[in-house]
Each structure stands twice: as structure tokens, then as C-alpha cells.
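Asker: Mind looking over this structure? Questions follow.
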Amino acid sequence: MAFPVDLLDNCTHEELENSSEDYLSSLRCGDPEHPECFSSLNITIPVSLSNVGFVPLYGGNQTQKILALFAPEDSLTAVALYLVGQWWAIDDIVKTSEPSREGLKQVSTLGERVVLYVLNRIIYRKQEMERNEIPFLCHSSTDYAKILWKKGEAVGFYSVKPTGSLCASFLTQNYQLPVLDTMFIRKKYRGKDLGLHMLEDFVDSFTEDALGLRYPLSSLMYTASKQYFEKYPGDHELLWEVEGVGHWHQRVPVTRALQREAIKATDVSQYEATRPVSGEYGLAAVPEHEPGLDDTQSSELQIHSLKDAFASTSEGPEKTPVSTRTRSSHLKRPKIGKHFQDSEFSSSQGEDENVAKTSPTASVNKIEYAARTSESSEEFLEEEPEQGVIDFEDESGDKDAQPALETQPRLQKQDGDKDSALEPVNGEVMDAALKPSLTTEDEDSTSEGLEEDLKVPPFNSSGEPGNPVPLVAESSKVPEATLAKTSPDTDSEMLIDQSPSDDKGHTEENLSPVSKKKTLLGSSDNVATVSNIEKSDGNFPNSVVPEFPEEPVSQNLSPNTTSSVEDQGEEGAPEAQEPSATQSSLIEVELEDAPFPQNAGQKSQSEEQSEASSEHLEQFTQSAEKAVDSSSEEIEVEVPVVDRRNLRRKAKGHKGPGKKKAKLT
């Protein structure tokens with residue numbers, strides 16, 4: 001029986017394609033209810049237009065095609081080819097009836113090209129290719145190839161890219177040496193040294209000094225090369241593993257490639273030996289890792305470190321290494337209007353001063369405690385109004401002297417003098433302070449009045465007088481010295497008190513420290529005296545003055561703003577002695593708006609402001625007398641002694657231009 005390879009010896013591509021076109025035309029005209037069937041290996045496949053088509057014989061070249069029949073379940077695998085006027089099964093196409101076709105025969109006829117196509121494209125790629133192998137491309141019509149025939153059947157092939165042939169990967173480059181491109185042997189014929197036979201035929205077919213094998217080496221090429229070098233050890237420099245077209249930088253000796261593959265095979269065998277068998281997990285290859293206990297310990301340490309890393313990310317913000325400055329509550333600015341319960345104000349005074357330096361509005365909240373204290377003691381307003389005014393007068397004098405005492409070395413000498421009472425001395429001072437005829441004094445008498453007023457001994461908590469010092473002769477000078485310090489405050493506070501009358505009740509409750517000052521200015525004569533003294537005392541250097549510019553206070557300021565004015569005084573003397581809770585708020589009032597050295601224009605301006613503000617004093621005098629007695633019995637003051645000589649010397653050294661002495665009638 002003749003097979004297609006035998007029948008196609010004298011056939012051309014055109015004749016084969018024309019016969020295929022004629023059959024396809026007859027198939028279109030056939031009866032669809034009674035189709036032709038093809039039987040192979042006990043399988044019957046109906047032939048119809050839906051499962052037949054042309055396939056290229058040389059891969060990318062679409063000019064030479066053959067008609068193929070596909071299985072219904074696999075439309076990409078041909079089960080038969082239409083050759084010589086009939087359908088031929090794949091197994092029949094690779095057979096021959098010619099006894100002369102034995103061994104390796106070079107492909108030359110159309111039938112042999114069809115056999116090469118079937119071996120490469122159908123048998124190898126669809127049936128026998130391994131997973132780790134790379135499929136071969138379809139051979140062209142001019143490729144050098146040989147088919148291995150064995151007992152009337154094609155069992156394998158190999159193909160070569162001769163020197164000078166065009167490289168498919170590099171379209172403009174040609175091969176520099178003959179390269180063994182493909183090699184294939186069917187599985188049922190492997191193990192009979194057929195690969196070695198093909199390699200020996202390749203070496204004998206080309207006479208070049210260097211021959212190449214396609215990179216990467218297939219398993220068949222690797223086995224054949226190994227057998228070849230065992231049989232011919234002198235040809236180590238003949239065979240090269242070639243990549244690309246085979247330049248010198250693209251070739252490696254096959255012996256080195258064999259060593260590389262041997263190392264890979266050893267690693268794979270060790271892995272296979274150590275890999276647990278199915279059903280016996282955890283029992284394989286444990287003793288091999290026991291000698292190196294350090295490896296297991298290091299792996300455990302890595303696991304623990306990973307656990308710690310994951311735990312640190314889930315424990316919370318307290319262990320997070322990021323800065324929490326913006327989250328800390330003590331660094332946030334308190335909002336205006338928020339009330340702090342400063343029951344222990346003296347213990348937290350240092351912290352409040354630091355916050356007040358960076359945020360002046362934060363001091364508003366600290367004075368509200370004193371305001372609420374004055375509200376709680378409203379019941380004492382009608383009982384001792386005059387005595388409350390006297391208390392505030394001595395307190396203001398005390399507070400004027402206190403910042404100056406920070407630079408005096410005699411501060412420790414006053415610890416034992418705390419036995420005098422406040423009431424009898426203040427009564428005498430009040431009698432003199434309320435006299436309507438106050439005369440202006442020169443700058444020397446003003447400083448003398450201040451110094452002699454500071455000699456009042458401190459009072460103890462029991463309220464009993466120790467060694468009272470009579471101040472009757474100097475009663476007219478005490479309010480002058482006191483008002484000289486507080487005249488800038490008084491001017492600004494007169495503007496505060498010009499708020500609408502509906503807020504008057506609220507002002508009387510919350511601004512008791514301010515009202516205490518207003519009672520000292522009983523008439524316009526007092527204001528004139530204050531303005532003159534203010535000019536002389538404007539350059540007084542011994543008082544600790546915070547660097548805040550004087551600004552006019554608006555008439556609509558709230559009581560909280562007045563409290564902030566009082567609070568800023570505390571910032572000017574952060575190193576002063578720590579007062580009690582009720583005294584600290586009053587100290588802040590005296591130090592806040594102490595003026596800078598004034599020129600002539602500024603002094604005249606302040607004098608005009610004091611004269612304008614005196615018009616509003618009388619209408620608030622009665623309300624102030626009711627509010628001045630807030631916490632009069634609760635306030636305990638210390639009046640430390642200031643060095644008189646230093647105060648007088650500094651006061652005289654900073655005198656302004658001379659003023660005419662005038663009596664105000």
C-alpha cells in the first residue's frame with residue numbers, strides 16, 4: 001500500500017492546493033443530511049464545512065496550504081489531511097512503503113515536507129511535548145532538515161540553520177556558523193541512542209571548525225551532547241551553545257553548558273529527595289537540617305521580630321514613635337469664655353504664666369475666679385464699704401512695691417514683721433483720702449509719699465495689729481503715690497465703664513477690682529493730682545513693666561477683657577513672690593499697663609485723657625462703693641519694705657521738665 005509520502009514524490013504545491021479547492025467546492029454542493037464521514041481509530045467524524053479548513057504548510061508563509069479535518073471537540077488539532085484526492089490519518093501520513101527510506105534522509109520532496117509538518121506541528125506539539133520544553137516553529141520550504149526513518153515510519157527529525165542563512169529573530173543578520181535548530185524523537189523510540197546518531201550525522205554533514213547548538217539546550221540535545229563527548233572527548237572545542245546568530249559573545253562551549261545543567265540536575269534531585277511524599281508530610285528530610293541548629297534559631301528570631309513588628313502597629317498610639325506635640329492638651333490654646341476652676345491657683349501659677357506669654361487671651365480665664373469670689377461675698381457690700389476702699393488702697397500700694405522688691409537684697413528681713421492689723425491704719429488713710437482739697441506736689445514729694453507708704457508693716461492672718469505706724473501726716477500722699485502707679489489703668493478703665501446702662505449690673509458684679517480704683521478718684525481735683533503725678537512717675541524705672549504697647553480700650557469691652565487686662569500684669573513680674581489665691585488677681589492689675597517713658601506730647605495726651613475721664617467718675621462712685629468690699633475680710637496682704645534711698649534716687653534721676661506748682665481750689 002502506498003502512503004502519501006510515496007505518492008507525492010512528483011506532485012507540486014499547486015496541484016495539491018487545486019485538488020483541495022475542488023473537494024471543498026463539492027462539499028458545499030453536497031447533501032447536508034447525508035454528510036461524508038471519516039473513520040480513524042474507532043472514531044467516526046462527519047465531514048462538513050464547519051470542521052474543515054486550510055492550514056499553512058510552512059508556518060508564516062500563507063502561499064502553500066493544505067486542507068485539514070478537525071475534531072469536533074478540538075478545533076485546533078487536525079486529525080486528517082486531504083492529500084492525493086482523499087483524507088489521510090496522521091499515523092498513515094508518517095509511514096512509507098519504500099524500503100529505501102531508512103535512517104536519516106534529507107527532506108527534498110513535497111511528501112517529505114508534509115511528513116516534517118506532521119511530526120513537528122501535530123505529533124510533537126500536540127501529543128508529546130513536555131511542559132518545560134519550548135515548541136519549535138514550523139519549518140520553511142528551504143530549511144535544511146532530515147527525517148529519521150525507522151522500519152517504514154518516520155520516528156524523528158532534526159533541522160539546521162546553515163551559515164549565511166537569515167535569522168528569524170534578527171531580520172538583518174545571518175548565522176555565523178551552522179546551528180542545530182531543532183531535534184525531535186518520538187517517545188516510543190527514545191533510549192536507543194537515536195539522538196547521538198542525529199548529532200553525529202550533524203557533525204559529519206558540516207565541515208566547519210565550530211558547530212552550534214540552539215540555546216537553550218533541549219533535554220534531547222543535552223543527552224545527545226553528553227553521549228557525544230563521552231564517545232569523542234577530543235571534540236570539546238567543536239560544539240558551542242549559540243544564542244542569536246552565533247557571534248563570539250553569543251556562544252558558550254557546550255562542555256560548560258553541560259556542567260551548568262549538571263548542577264541544576266543535582267539541585268533538583270536534592271529537592272526531590274527532601275520534598276515530603278504525599279501522605280507523609282513533615283517526616284521527610286528532617287535529619288538533614290538538624291546539624292545546623294543556628295538556622296532554625298535565626299528563623300525563629302525572624303518570626304518573633306515579625307510578630308513584634310505587627311504587634312507594635314496594633315497596640316495603639318501610646319507606643320507609636322510619632323510626635324504627640326500637636327495632640328497634647330496642655331499646649332492647646334484655651335478658648336475665650338471657658339471657665340477654669342482654679343481652686344489651687346498658687347500651685348499652678350508658674351505654668352499659667354508660661355501659657356500666658358505665648359497666648360495673651362489665655363489669661364482671661366484666670367481672673368474669673370476672683371470675679372466669682374466677689375459675687376459670692378456681695379453680702380458684705382453694705383456693711384463695710386469705706387473699709388473695703390481702704391483695703392484696696394493699701395493692696396495697690398503693696399502691689400506697686402512688690403515688683404521693685406525683686407532686685408532688693410533686703411527681702412528676707414520682712415519675714416518676722418507680719419503682726420499688724422489692716423483696719424485701724426486703713427481707717428486713718430481713708431479719712432485723708434476722701435478730703436476734697438488735694439494739692440499737687442512736686443516729684444520729690446511724690447516719691448517720698450510712695451516710700452513712706454511702703455513702710456507699712458505687713459499684716460498677719462489674724463487681723464490683729466502688731467506695730468501700727470501712724471500715717472495721718474502722710475495721708476494726703478498715700479493715694480497720690482498709689483494713683484501715680486495706676487493712672488494708666490484708670491484711664492483705660494474709664495473707657496471700659498462707658499458701656500450701655502443695661503450692662504451696668506453685670507459690670508458691678510464682675511469688675512469689683514476696677515470699681516475699687518474708681519472710688520479713689522472722688523472729685524476732679526483728685527484727677528488733676530493724678531495727671532501731674534503720672535507725668536513725673538512715667539519715667540520711674542524701678543517697676544517691672546511688661547513690654548506691651550498702650551492701646552485705647554474700646555467702650556464695648558466685656559468684663560472678660562478687663563480680666564485679661566488685669567491678668568497681663570502678672571506676666572510682667574514672673575519672678576515675684578507667689579501671692580495667695582485672692583491676691584494674685586489684684587497684683588496683675590497694677591503691673592499690666594505701667595507706662596513707658598513718655599515724651600512731652602504723650603504726657604499732654606494722657607493729661608487730656610485723665611481730665612476727660614474725670615467727668616464720668618461721679619456717676620459710678622456709688623456703685624463702686626458697693627462693690628469694693630468684695631472679699632475684704634478674705635484678702636491678706638503683705639507690704640514689704642522697699643529701700644527708700646534707691647527709690648528716691650531713681651525717681652529724681654528720671655524727672656521730666658519742671659512744672660509749676662498750683663493749688664486747685
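Note: Cβ is positioned from N, Cα and C throughout, glycine not excepted.
Worth saying up front: this structure is predicted, and the values here are computed from it rather than measured.
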Asker: Have a look at Ser348, Ser536, Ser614 and find the one that Swiss-Prot tags as phosphoserine.
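Answerer: Annotated as phosphoserine in Swiss-Prot: Ser348.
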Asker: Looking at Ser377, Ser461, Ser580, which is the one Swiss-Prot tags with phosphoserine?
Answerer: Ser377
Asker: Of the residues Ser487, Ser512, which is given the phosphoserine tag by Swiss-Prot?
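Answerer: Candidates were Ser487, Ser512; Swiss-Prot attaches phosphoserine to Ser512.
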Asker: From the list Ser108, Ser298, Ser312, Ser630, pick out the residue that Swiss-Prot labels phosphoserine.
Answerer: Ser630
Asker: If Swiss-Prot marks one of Ser346, Ser462, Ser610 as phosphoserine, which residue does it mark?
Answerer: Ser610
Asker: If I look at Swiss-Prot, which residue among Ser97, Ser343, Ser554, Ser613 would I find recorded as phosphoserine?
Answerer: Ser613
